[in-house]
Every structure is written in structure tokens, then in C-alpha cells.
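To start, the structure under review is shown below, and the notes come after it.
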There are 2 protein chains.
Amino acid sequence: MDNVLHLPSSSQTFNVGAVMERAHHGGGWLLSGIIGVNILTLGCALVSGSAFNSVAITAVHRQIFLIILLLLTMLWMLFYAVVTSKKDQAVLFKDGHAGPVWLRGGLLLFGFLSLLMDIFKIATYVGYLHCDSAVKVAFPVVQAVFLIVQTYFLWFHAKDCVQRHTNFTRCGLTLLLSTNLVVWMAAVTEESIHQTEIPDLDVNVSHKMYRGISALVSSYGSVKCKCSHSACDTFKDAFYYLYPFNIEYSLFASAMAYVMWKNIGRLVGDHRRQSVKFYPKDVRVGPVMGLLLAVAGLVTFVVYEVDILTEDEKNRNRALLIHFIMNIVIVSLMCLSTVIGCILFRLDHREHVSEKNPTRSLDVGLLVGASMGQIIISYFAIVAAVATGARGYLNALNLSWAVLTVLQLGLQNYFIVEGLHREPFHVMQEAALHTNAHAVREHPEMSVVPERQKSKYSMTSSPETLSWKRRVLKEVCVFLLLANIILWIMPAFGARPQFDHPIEIKFYKFTMWSAIVNIGLPFGIFYRMHSVASLFEVYLIS
Amino acid sequence: MDNVLHLPSSSQTFNVGAVMERAHHGGGWLLSGIIGVNILTLGCALVSGSAFNSVAITAVHRQIFLIILLLLTMLWMLFYAVVTSKKDQAVLFKDGHAGPVWLRGGLLLFGFLSLLMDIFKIATYVGYLHCDSAVKVAFPVVQAVFLIVQTYFLWFHAKDCVQRHTNFTRCGLTLLLSTNLVVWMAAVTEESIHQTEIPDLDVNVSHKMYRGISALVSSYGSVKCKCSHSACDTFKDAFYYLYPFNIEYSLFASAMAYVMWKNIGRLVGDHRRQSVKFYPKDVRVGPVMGLLLAVAGLVTFVVYEVDILTEDEKNRNRALLIHFIMNIVIVSLMCLSTVIGCILFRLDHREHVSEKNPTRSLDVGLLVGASMGQIIISYFAIVAAVATGARGYLNALNLSWAVLTVLQLGLQNYFIVEGLHREPFHVMQEAALHTNAHAVREHPEMSVVPERQKSKYSMTSSPETLSWKRRVLKEVCVFLLLANIILWIMPAFGARPQFDHPIEIKFYKFTMWSAIVNIGLPFGIFYRMHSVASLFEVYLIS
């Protein structure tokens, strides 16, 4: 923004140009949508085809399609980077809300783990080169390069509000978005098929067999084609463990590409984030309770991961029991504190933010949308448990966990959305007098209402000591934040009670249930990370 | 609006109240969303559960759930109707764009056919009362009442912009929306299962067997329970033929409920539709060509429907051949004329409508979203045809049809969206001088541009004779409109080449393919009807 203010003449002409271009952007918007839809549907058909009919469409066909997509997307990203580095007028506006640090950090972390996955894949398939297609090596190589280019691109350009070449950029971004979604679909399908390939999974199947099956299956699928080096099976095990991170990476990249696409042509005002100071000493109970819960969660998580791999049925049941109880405790406490937070929102009469904020709406949309993943898993679990009568303590605990999770997600969504739409407290104080005088001037008949409001604010929010309401609200935020972190860690690092507890597998059959979990859970993990960031923001403006 | 203007004092206080309520509507919006999501997910889990595990969750469980939903929704609709009839202040604003006549007409038509389906269902299941659950009779009874109440409700209230009790209305409308979507899901699943139940569907299975199988299957499923009256099988056949109309009805009702939900709290200006006159004599070639095409389409459709039911393989192939060729001709001509239309849009330099119009955006969103159904079917057909090599003339024709359909849908979406976003011609003429003077006063430096524009308009659009551009544009609109009608009639009244030509069934297996077609095709049918309405609008403003 500063450059604009210093160059009045050029910025003037530029702004007129931007507005003119905005008026004619309809075509590009539509064209980019059509391109995106076509790539997505074609990708969906190819992936389904290769899943349902492995004779006519093999993994090789799908990978050739993906390689073409990845190369095209990389070309566009390089072109974009070159163009924007040359003409500094191309990106004058940056959206401060887009690409927040948690999203970029997550992208980097998951990008690194996906890169590791690709390296393991290359190492594995090099061993099969003498008897299998070279495309199986080429695909992870291209994907690895793509990961580096895309992470670089999104890290530096996620905040851009493009003003020049809008039509071309729009099409490029839908290409980026749909490529990531096709990669996501392919990864989800591959992961589901990999899990389903377990020969004749029975209810009585030893649990360790399911977890340790990958080595068996991977050699199983290529009986005729032997790996030429000895580390093959280890690599194969390793890269299948890293699949969920790649799925997560694609989701992150898609979210960022979508936000960039929405920001094209936006003229953002100078919405610098007000430097809200963070006083950790304001809150005590929330962090202490939250940390205790997180540590307890971590301990039970480790116990669970160790015990669930044992052969002993009793040990495994105990592990499940501890995991279920721990989760129920966490979720119940979260529900309780969220209810307290919601009541406090009702009690304090802060105004809702009236100003339109597209990034905020988008953010809320992504949050609520991502929560659907966990909600769907929970409802399917509830139906399965209720329909089979929920006999036995494990089934009863599983049912209560699912019910409480749905409740918790609904309450937390409500809490976060309400919290984000309130005026920050400190702004209120400064603004109160101003708007008040303003209101009196314009609507003399309404002067009573703001007067009363003002007196309330000035009474409750003296800068030195926080009012009890704000204090409790902050405690609630910190507690929920820490609880969300532990609920993120558990599924992100491998806890899969959905497969360790057999009731849903029996009820829905393995294919269906693994599809639900593999689609829903990555969204659930994304939701938890997103919640942490949003709760931190709610904490700051409370 | 008139009442408002005549009652200044009451409307004044009312408006302030409305604005105040709008400021605090965040909660209701969110709560209604949470309710909708929960009903939908629970419904989805129940429907999937009953589809994948018919032992623990039977159709009876699902129907009990649906009965509860239907009763709750009816209660709310009655409550709403009573409240709005009493307080005339509750609905002061009506959105003229919402609930257009084609949508309400379609609702009435499909509602009537759904009612017929329910009557046949009742007649059938009454015959099983002595040995089957009474819920199977109760459900169609409740649904029949629901159909009447809902059609009445949507017919009279689709245009409402509710201002009072907004939170409660919001929740009620999401209840309505999610009930319709759950009914839709249940119907789609039932229809798919019904088609899949054909025992050991082989490629060599006689075609007539597939079409005539319903009688066989319906008696098959209830071997132990014999119907007590003789007309049972006839009724069962009949109601399965009416299923697609019920699916379509639910989609229509969902679309209308969604628009109503979006319109809550909107303060609409007096956007009366300008009385654009409709001169049918302006156009000649378009209607003639379109009518010829429609008649030819109808004839081949009848031939197809007769021939496809014969035992003779040769006759069936000939029917498919004629159907494919006819469709390819229609779609190619549509592509050609749409391209001409798009070029004309490039040539004439009418302004894009800059004013925000939520209903218009919603309308366009529904149109483009509905086209996804047909696009998905086409892409799956393309992948199947390409992967199997498209050997034989029928496969080659099927492939070309699918490719051309995707092209046609993309072009038509572009054409309609561009057309709807242009200023009407007659408005331009009047407005040109005014905005021009205005612009000169405010931005003296920009006076050159509007001047040039103005001269162009006044040159090209004399009121007496239409310019050739406008004339051709109108011809294109009429032609596309008639072509869309014939493309609507064929699938709506029973043409299912997707099942009559076995390549996709072989490729994707029957379950998968019938799910794709049963989900995609109703959206495709909805899309064609919607296109007809939108093209008529484009015709008027061209």
C-alpha cells in the first residue's frame, strides 16, 4: 500500500484499469470454473475406473494423467513467479488474513513428510524396474519436484491479490486446485484399496495381522515381479505409513489455492492486524487444565499405540478401553467449557462485526466444512452401535464417544463463529465514545441505547484488571485450544480406533467403512488444526 | 412495498426492528446450519446402513425415521402458514426472482406423479399387511399428505423474504431442506438397489429381462409373504416406474427451500420485472429449426422406446444406433449455435450488470451445479469407452456423444451466464445518455470512453428494426431452448441408453454404474428444465 500512496499518478491510472478489468472478469471466472470441473470429473472417473476395473485402466494410466497435470501446474507456477517478480505492479495488494502461519507451517510439515514418502516410493519401485513400468518411478520423481515447487509457490504467494492477467491467473489457480484435489482423490483411493486388500478380513482376524499386513500385501500384489534389492519391503511399509500426510498436504494446498482464487481482483484496504498484546499471565486455570489434559492424553496415546499391537486380546481391549475413556473425558470437558463460553457470549453485549470480510467468511466456511468429516464418521458409528444394540462396555463407550463428539463439534463451531464475529474489546472502548456522539447527532431519538451500552463497557473493561467475563472467556479459549491440539495429535500420528474396534467394519463391510474413514479423518485432522488457529484468534479479541 | 409507503410510522419502526434483528442473526444462521447438517448426516448414515446391512437396519427403521421427519416438517409448515396469515407484517417483501413459474410448475407436475406413486405403494403394501410391517403402509400415507402440504406451502410462499421470527424460520427451512434431501437420498438408494437386485446380471442377459425384471424381483424379495390381492404386481411395476419423478420432486423442493432460506431477512427493493415485450415474429430460423429437431427427436424417441423392448438383438442395436445418432446431431447443432452466440456476445459491447443480485447468483450456481450431474455421467462413459478401445460403431457413437455432451454443457453454461449478466438492450438505450452525462460530471478525464460507447449503441439499436446481431442472438436462444426441451423429454420419460448399452455396466460393475446414473441423471433433467427457463430470460434481454 505504501508504494501506491507515494506514486499518486501511476496508482490512479492503475486503479481505473483494475476496476475496468474487474467489470469484464465474468468470462475468466466462468472459464476457470469450467476447466476445474472438467479436470476434476475426468480425474474422478479415471480414479474410480482404476479402482473398480484394474484390467482396462491400471495405476500406470492414472499416473500418466497425474504426471501431465503436475507438469502443467508446475509450468504455470513458474510462469506466475517469473511474471510477478518482473512487474511489481502485478501484485500490489496482499490479503493479511490469507495464508496464516498455521496453514503455511502445516503445509511445510506435511510437504516434508510427503517428500519422504516420494523418496521411499522411488527407492521401492527402482527395485522393480526390471519387470514393472518405469512410470511407477517417474511419478514419485515428478511429484517430489512438484511438492518443492508448490510449497515454495504457496509459501510466498498465498497472500497475493492478483490484479493483472486475472483471467489467466484464475485458470491457473483452478488448475492448481483441481490437480491437488485429483492427487487427494487418488491418494485416498489407493490408501483405501491398500487397506482392503487384506485377504478375507474376518472379525476374528488377529489385530496385529491387520496392522502388520502391509508387508504381506505388498509382496502379495507382485508375486511374479521380485524386488531386486533387499530393503524393498521396509521402504514399502514406510511409504504406506506416510500416505495420510500426503492426503493432508493436498487438502492444505487446495484450501490455500481456493483462497488465492477468491482473492483475485480484490482491492484490499490497509487492514493491518491491530497489534493486540498477548498477556499469558491473564489466564491460569485454562492453560493448567489444558496442559494436564494434553499430557494425560499423550500418555494414554503412547500406551494405546504400544498395547494395540500386542497379540493378546485382553491387552488390546484394555488399550481401547483407556483410549475411549480418555477421549470421552476430553470431549466432555470441552463440551462443558464451550457451554460456559457460549453463555458468556450471551451475557456480554459486544456488537457483531458488521463490516464485510470475505476472507473471514471463507475461513469460517472451511472450518465448518472440515468439521463435516468427523461428524460423518461419528454418525456412522452411532448408527452402527445403536443398530447392533451397543452390547458390551466397549460398544457403549464407543457410542458415547461418538455422541459426545457430535455435540462437541456443534458447540465448538458455534463458539468459534460467534467469537470471531464479535468486535474486539479494545476497539470497543475507543470506538464507544465516537460512535456514541455520532449516533446522537444522527438519530437523537436513539441516544438512550448507546449511552447505556457505553456505560456498561467503560464499567466492565478497565484496562488494568480484566473483567471476570473476559477472563473466563480467555480461559475457555486456551483450554479448548490445548484440548484441540491433543485431539489433533492422536489421529494425526496413527491412532485408528475406527479400525481397531471391529463393530463398524462388521456393520458396513470393510470397503465402505475404510472409504468413510479415509475421506472423513483427514478433514477431521484439518479441522482440529484450523480450530487451534481460530481459537487463538478468538482469545486475542476477547 | 406499497403498504410500507402508505404506513410511514409503523414501517419506520418495523425497519429499525428488522435491521436490529439482522445484526443478531448470526446465531440463528449457525444453529439452522447445525440442525441441517445433523439431520442430513444421520439420514445419510441410516440410508447407507440399510443399504449395506439389511439385517440390523431394515427399510422399516429408515421409514420410521422419515415419518418423524415428515411430520415435524409438516408441523412447521402449518405453523408458518398460520403465523404469516395472521400478521401481515411478517412478510412484507417478496423476491420476484425466486420461485419462477417453471420451478413451481415442475414442482406441481412431479408432485402429482409422486402422489400417484404413493397411492400405488399404499395399494401394494395393503396387500402385504397380514405378514409385513404396517409401517410400509403408513410411510406412503404420511408422504402423500406431506406432498400436498409441501406443494401448497412452496407454491404460495416461495417468494417470501421473511423478516419476523427469522431464527425460527431459518431452522424450519433447514429442516424442510434436509428432509427433502434425506427423502431424495432414500429414493436414489432404493432405486439403485432395486435395479441391482437383478440376479446375476450378465452381459448376455436378455435385454427385455432387465426392463421387465421388476415384477420378478418384487415377488423375489418377499417369497414367504404373498400378496393378498391380484393387482399387487401391476401396482409394484407402476410405482417403480414413478420413482424418478419423486427423486426429481425432492430436488425441486430442495432448490426452492434453499432459495427461501437465503432470502430470509433480505430487504428487497422494488425490482419489478421490466415488462419486456415478446415479439415472436422477430425470429424465424431458430424456431423452425428447433421445432424440426424436436419433432425428429420425438419420433426417434418413440421408435427407441418400442424397439428397445424387443427380444431381437438386431432391433435393439438399431434402436440404440438411431438414438445415438439423433442425440449426436442435436448436441452438435447446439454446440454450433452456442459458439455463434458466444461470438456475438464478444462482438456486441453491452455492459455487464454491475448491481449485486443474490437470487441471480444463486440461480446461476444452481444451473452450473446441476450440469455436474450430466458431466459426471459423460466423463465416466468417456473413460469406459476409451479404456476398452471403443471397438464397434455403437461404442464409437457412444464416445462421440459423451464428448460432444461435455462440450455442449460447457458452452451452454458459458452462453447462459454471459447472457444473464448483460444489461438488457432497451435499458441501455435509455440509460446511455443519463450515465454518460453523469460520468462526464464526475470524471471529466474519462469522458472519451462513454462517448464512444454511446455512439455505438445508438447506431446499432434503432427501435424499429432489430440489428442483425440481436436478431441472430434471439434465434440462437430460441433454437437452444427447443433443443433443451427435447433433451429434457427423452431422459425424463424413460430413455436409459446408459443401461441399454452394456459397456459401462461391464466396465464399472452394475452397482457403481447404477449409483452414478441414478444420482447424475435427475440433476441432468433438472438442468435441462432450468436451462429452458434461463434461455427464455436471455432471449428477453437480448
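The backbone N, Cα and C atoms fix where each Cβ goes, glycine too.
Because TrEMBL annotations are produced automatically, they should be read as predictions rather than curated entries.
Positions annotated as transmembrane segment by TrEMBL: A:29-52 (among others). Tertiary proximity for the transmembrane segment (A:29-52) is limited to same-chain residues at least six positions away from its ends with a CB under 8 Å from its CB atoms, namely 58-59, 61-62, 65, 69, 167, 170-171, 173-175, 177-179, 181-182, 185-186, 189, 193, 261.
The transmembrane segment feature in TrEMBL is assigned to A:64-84 (among others).
Here TrEMBL flags A:105-128 (among others) as transmembrane segment.
Listed as Cβ neighbours of the transmembrane segment (A:134-156) (distance under 8 Å, sequence separation of 6 or more from its ends, same chain) are residues 59-60, 63-64, 66-67, 70-71, 73-74, 77-78, 80-81, 99, 104, 107-108, 111, 114-115, 117-119, 121-122, 125-126, 128, 176, 183, 249, 253, 256-257. Per TrEMBL, the feature transmembrane segment maps to A:134-156 (among others).
Only residues 6 or more beyond the boundaries of the transmembrane segment (A:168-187), in the same chain, are considered here, and those with a CB under 8 A from a CB of the stretch are 25, 28-29, 31-33, 35-36, 39-40, 43-44, 47, 62, 66, 69-70, 72-73, 76-77, 79-80, 143, 150, 162, 243, 246-247, 250-251, 253-254, 257-258, 260-261, 264. The annotation transmembrane segment is assigned in TrEMBL to A:168-187 (among others).
If you look up TrEMBL, you'll see A:238-261 (among others) marked as transmembrane segment. Residues 32, 95, 98-99, 103-104, 106-107, 110-111, 113-114, 116-117, 120-121, 124, 147, 150, 154, 157-158, 160, 162, 170, 173-174, 176-177, 180-181, 183-184, 187-188, 190-191, 194, 214, 218, 359, 362, 366, 492, 494, 518, 521-523, 525-526 of the same chain sit 6 or more residues outside the transmembrane segment (A:238-261) yet have a Cβ under 8 Å from a Cβ within it.
Per TrEMBL, the feature transmembrane segment maps to A:282-304 (among others).
TrEMBL lists A:324-345 (among others) with the feature transmembrane segment.
Here the transmembrane segment (A:366-387) has Cβ contacts under 8 Å with residues 255, 395, 398-399, 402-403, 405-406, 409, 412-413, 416-417, 498, 503-504, 507-508, 513, 516-517, 519-524, 526-527, 530-531, 534 of the same chain, all six or more residues outside its ends. Per TrEMBL, transmembrane segment is recorded for A:366-387 (among others).
Same-chain residues lying 6+ beyond the ends of the transmembrane segment (A:476-495) with a Cβ under 8 Å from its Cβ atoms: 241, 244, 248, 283, 285-287, 289-291, 293-294, 297-298, 301, 304-305, 323, 327, 330-331, 333-334, 337-338, 340-341, 344, 412, 415, 419, 521, 524-525, 528-529, 531-532, 535-536, 538-539, 542. Summarising the annotation, TrEMBL assigns transmembrane segment to A:476-495 (among others).
Annotated transmembrane segment per TrEMBL: A:507-527 (among others), in sequence order. Proximity of distant same-chain residues to the transmembrane segment (A:507-527), defined by a Cβ-Cβ separation under 8 Å and at least 6 residues beyond the stretch ends, is recorded for 188, 191-192, 195-196, 198, 201, 244, 247-248, 251-252, 255, 367, 369-374, 376-377, 380, 384, 387-388, 409, 488, 491-492, 496, 498-499.
For the transmembrane segment (A:64-84), the list of distant contacts is 39, 42-43, 46, 90-91, 135, 138-139, 142-143, 145-146, 149-150, 153, 156-157, 160, 165, 169, 172, 175-176, 178-179, 182-183, 186: same-chain residues at least six beyond its ends, Cβ to Cβ under 8 Å. Same-chain neighbours of the transmembrane segment (A:324-345): 289, 293, 296-297, 300-301, 394, 397-398, 400-401, 404-405, 407-408, 411-412, 414-415, 418-419, 422, 469, 472-473, 476-477, 479-480, 483, 486-487, 490, 497, counting only residues six or more beyond its ends whose CB sits under 8 Å from a CB of the stretch.
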